[in-house]
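Colleague: I grabbed these lines from TrEMBL:
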type: BINDING; residues: GLY90, PRO91, THR92, GLY93, ALA94, GLY95, LYS96, THR97; note: ATP binding site
type: COILED; residues: 424-451; note: coiled coil
type: DOMAIN; residues: 12-328; note: domain 'Kinesin motor'
type: REGION; residues: 515-544; note: region 'Disordered'
Amino acid sequence: MAEPRRASPPARVRVCVRLRPCSQGDPCIRGLDSRSLEIISWRNKKETLQYQFDSFYGDQATQHDIYAGSVQPVLCHLLEGQNASILAYGPTGAGKTHTMLGSPEQPGVIPRALRDVLQMTREASCSPGGDEWDYSVSMSYLEIYQEKATVPAGLPIREDRDRNILIPGLTERELGGFGDFERHFLPASRNRTVASTQLNDRSSRSHAVLLVRVARTQRAPPRRRRVAKLCLIDLAGSEDNRRTGNCGLRLKESGAINASLHVLSKVVDALNQGLPRVPYRDSKLTRLLQDSLGGSAHSVIIANVAPEQGFYFDTLSTLNFAAKSKQVVNRPFTQETLQAPGEAGPVWPHPSLPTAARKRPPEDPGAIAGLMVSSFSPPPSSLLPLEQLDPRLVQRLLGLEQLEKQQGGAGRRLPLLSTPRRERVALLRQLEETRSELQKLKERQKELEAAALLDKACQPKPLHHSKAPPRARKQAVVLPLQQGKGTQGPSPAHGGNGLGGVNGGGWGVDCWAGGPPAGGRSLPQPMSPLQGQAAGPGAENQAPGWELKLRPDLLARSRENLVALLNQGSAKELRALHRIGDKKARLILAWRQLHGPFSQVEDLQQVEGMTAKQVASFLKVSGGGAVLLGASQCQAGVGGRRWGAGEW
């Protein structure tokens with residue numbers, strides 16, 4: 001019994017460069033060793049740009065060297081159920097078709113790979129234990145011409161539920177030997193669209209794709225089956241229409257080729273940058289290469305370059321594409337399925353396989369006979385040869401039978417297994433949606449509670465609810481609220497004038513009768529008793545009015561302080577003034593050094609850059625608002641309240 005396969009470790013895309021022999025002039029590129037090369041810098045011809053790849057093949061390398069060094073090592077993964085891909089990339093006339101097809105004397109990658117694949121299947125079937133397996137090899141061939149797969153059918157490219165790329169309607173031929181391959185492939189390759197340009201007599205006008213499918217099926221139950229796909233792709237070369245002389249149909253073909261190659265470069269960039277969306281669907285070519293780049297295949301890119309000076313920029317572009325392609329990482333895995341004896345389906349996944357490689361069970365609940373135990377049938381363990389099954393599968397099967405016995409014996413089915421798959425999926429989806437809605441409602445409730453608490457904390461408390469005396473700010477003295485008794489005013493010791501309330505039920509107002517408090521600020525003066533008696537009911541709800549007055553003596557003193565600061569202050573002290581920045585402070589110091597001290601604040605208008613409007617604004621902020629004298633229009637009434645003097 002074969003050992004269960006697991007997902008292979010990530011495999012980086014292997015990139016090798018092949019240099020075509022130089023036909024004329026001095027070459028612009030040369031190899032340094034078996035992995036490195038250098039090309040002349042287009043900015044400075046005395047400098048070179050160096051590149052390093054997995055392999056480098058010079059102009060003396062043969063077809064066998066390239067195949068044995070880069071292609072043959074990846075073919076062994078096909079029998080393990082893992083995909084492989086060989087891609088030839090480069091400008092037109094660089095030798096891609098020669099590398100992939102070759103000639104009868106020097107066969108290329110495609111005939112050599114098919115010969116080795118057929119040989120591997122024959123050797124595997126003749127090896128010890130090989131009589132337990134059946135091997136089959138089949139092939140399909142198509143070309144992508146002007147963004148259409150296989151002219152003129154225009155076949156679509158689809159993706160199955162296991163994310164495998166397939167082409168519905170594409171003919172597939174079984175291969176019994178290398179003769180069958182030549183009989184099917186040679187006529188198909190001759191029908192490939194080619195045309196003559198100024199750079200190449202037989203320029204490929206389409207991307208040629210050969211798909212080889214290798215299947216390995218176990219003859220005895222549980223009939224394990226491993227299917228692998230080998231993609232051999234000969235890309236059409238990128239073209240510069242200024243040099244090829246394309247026009248008409250050739251120009252249209254060249255535009256389609258360059259567009260698909262540009263999307264291929266975008267796919268590589270997206271994979272290297274880890275973008276969430278990779279533009280595979282922007283082109284038929286990249287859609288077909290979805291397994292090869294960033295997918296589940298062991299990939300090899302053969303970059304063909306030309307050494308002539310006329311191909312310099314095409315060669316440089318090819319090297320840059322190859323350099324970024326070697327950073328792409330694929331994740332191969334073994335595609336193994338299990339089949340019921342004597343039928344093609346249903347197909348069951350091996351428990352050790354990754355999710356992407358597993359076959360889903362069919363939608364018809366009647367086809368699930370392997371897991372759904374009938375009440376009129378014996379246990380499955382008595383029908384299957386347990387000694388030939390995988391131990392993990394046997395353990396799961398016995399566990400299901402034991403669980404069924406615990407739930408009520410053979411006459412009762414398990415609720416989970418007896419439920420049709422569509423209903424089960426619908427119930428699980430509905431449950432998940434309900435949980436998601438509940439989670440959203442809980443989050444919304446938390447947000448509303450937090451917003452309510454924040455609004456409550458930000459709302460100011462009304463003054464009539466405040467029981468504590470207001471805080472004193474700076475040098476102002478605010479007397480606490482006191483309820484007056486009858487018509488008695490505050491004590492003369494407090495410096496206040498008594499104001500009686502109506503019917504003895506009013507509140508007194510404590511104000512200063514003397515001069516202004518320290519700090520040069522004037523506090524509101526109390527209203528007269530007549531004003532207090534004239535107030536009617538409800539006057540306590542009216543807002544206190546203030547009459548603002550300027551103190552001339554303090555205003556003059558403030559201006560003197562400003563003039564002294566302008567004459568003696570440093571740049572740092574000047575910047576502390578309102579509307580005075582670093583630039584204006586330097587201008588004031590320069591003017592003071594040239595013309596002497598300021599006599600008044602208005603002399604700032606003589607400073608360069610200071611307008612009369614700016615000086616007036618400066619005086620309003622710094623000098624004019626030094627002292628304000630306010631008078632409170634307090635009123636007393638029934639149930640009225642006393643307002644303390646505030647700071648201005």
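Going from the start of the chain as shown, residues are counted 1 onward.
Heads up, the Cβ atoms here are built off N, Cα and C, so glycines get one too.
Note: TrEMBL annotation is automatic and uncurated.
The shown structure was predicted, so the numbers you read here are calculated from the model rather than taken from an experiment.
Looking at the shown structure, what environment does each listed feature sit in?
Modeller: A 10 Å cutoff on Cβ-Cβ distances gives LYS96 (ATP binding site) a total of 27 other Cβ atoms nearby, all chains included.
Over the coiled coil (424-451) the predicted model carries a mean pLDDT of 86.
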Colleague: Excluding GLY90, PRO91, THR92, GLY93, ALA94, GLY95, LYS96, THR97 themselves, which residues in that chain have a Cβ inside 8 Å of the centre of the Cβ atoms defining the ATP site?
Modeller: ARG20, ASN200, GLY237, ASN304, ALA306
Colleague: Sequence gap of 6 or more, C-beta under 8 Å: which same-chain residues meet both conditions with respect to GLY95 (ATP binding site)?
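Modeller: When sequence neighbours closer than 6 are ignored, GLY95 (ATP binding site) has ARG18, ARG20, ASN304, ALA306 within Cβ distance under 8 Å.
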